[in-house]
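A.B. asks: Encoded as structure tokens, here's the structure I'll be asking about.
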Amino acid sequence: MEERIFGLVSIALKWWPGVSPCNYACGCGRRYVGGEYSVTAVACVEQCEKTGCVGTNTSNTVNFLLMESPLMVPGICKNHSISVGNYGTAAATADISVCLLGRKREKKHGGRPVKYRGAHFSRALSALNLVMQFQSWVSFFILVNYKFPLRPNKRTYYEYTGLLHMYALLAMNSWFWSAVFHSRDVDLTEKLYYSSAMALIGFSLILAILRAVNVRDEAARVMVAAPLIAFATTHILYLNFYQLDYGLNMKVCMGMGMAQLFIWAVWAGVTCHPSRWKLWVVVIGGSLSPLLEIYDFPPYWGFVDAHSLWHATTIPLTYLWWSFIMDDTEFRTSTLIKKAK
């Protein structure tokens, strides 16, 4: 009887793209919130697909710890059971817990699983972040080229203009692929999403070092940037052509992100910049927002989850960041013009 039910479940799940019985046994759909994998979930699914079992023992159980009453469906191994229900946390146990995952990518609706709708919210917020970056970049471009005087060689007085143009392009590229990835979750868009995010984080760290230390000599800038560019490039190539290691990528991104926030925090603490309070807000907000990615929670109303809220927090932080950049441009330009006189 169990084998017959499992066969029916397998046939039904074939009609739903990206979802397999092993996905359900491990308590997850093909992707989870924001379209990202869980390393634990991937290992669990791979083991299930190879052996037909979850865990190291066929007598173990896959349980959903649900907010709603679960619907229990036998499957996979003889003594396994799969629970399908509304948003919750899945734990696949094998003597000691083997797979501990927080999954809410799927919901049960009328007896049939449907895609988690929070991706639509993340997609819209990614697009809004893209618009915010573009609008801020255009305002910065007009400010440095048309509102402030230029040097006799037609270059801007602000020494970091070129770096910020590059930063804006990388930021817009990152949010563009974020929107595309949340719209169409395939291997290509996933790699472009992670690669563009890594490129942005790496360049942001370079920008933080150069501005905080006030490096203006081109040769010195190259010496600072070269090793970081090499590291970021190597990491991107590793993700694209060797292994898309999500755990490693999270550690690298968090490490580089926290490093640049620490640099900005130290600089804001010792400088007399008139707009340093804006930088403090960005640093504090940027330090707290990753907690939404680390400490996940189920979606509210089927739309808003931790990943979506992380996208939402970056919008005001982007506004304050570019506001600080424009204030810094005005501050540095006025200082250099006074020195020139």
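Glycine is no exception: its Cβ is also placed from the backbone N, Cα and C atoms.
Note that the structure is predicted; figures quoted are calculated from it, not measured.
Sequence annotations record features per position, and here TrEMBL assigns transmembrane segment to 130-148, 160-180, 192-210, 222-242, 248-270, 277-295, 307-325.
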A.B. asks: Cβ under 8 Å to the transmembrane segment (248-270), counting only same-chain residues 6 or more beyond its ends: which ones?
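C.D. replies: Residues packing against the transmembrane segment (248-270) from afar: 194, 197-198, 201-202, 204-205, 207-209, 211-212, 235, 239, 276, 279-280, 282-283, 286-287, 290.
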A.B. asks: Using a Cβ-Cβ cut-off of under 8 Å, list the residues of the same chain that are 6+ residues beyond the ends of the transmembrane segment (130-148) and lie near it.
C.D. replies: 156-158, 161, 164-165, 168, 171-172, 175-176, 179, 315, 318-319, 322, 325-326, 329-330, 333
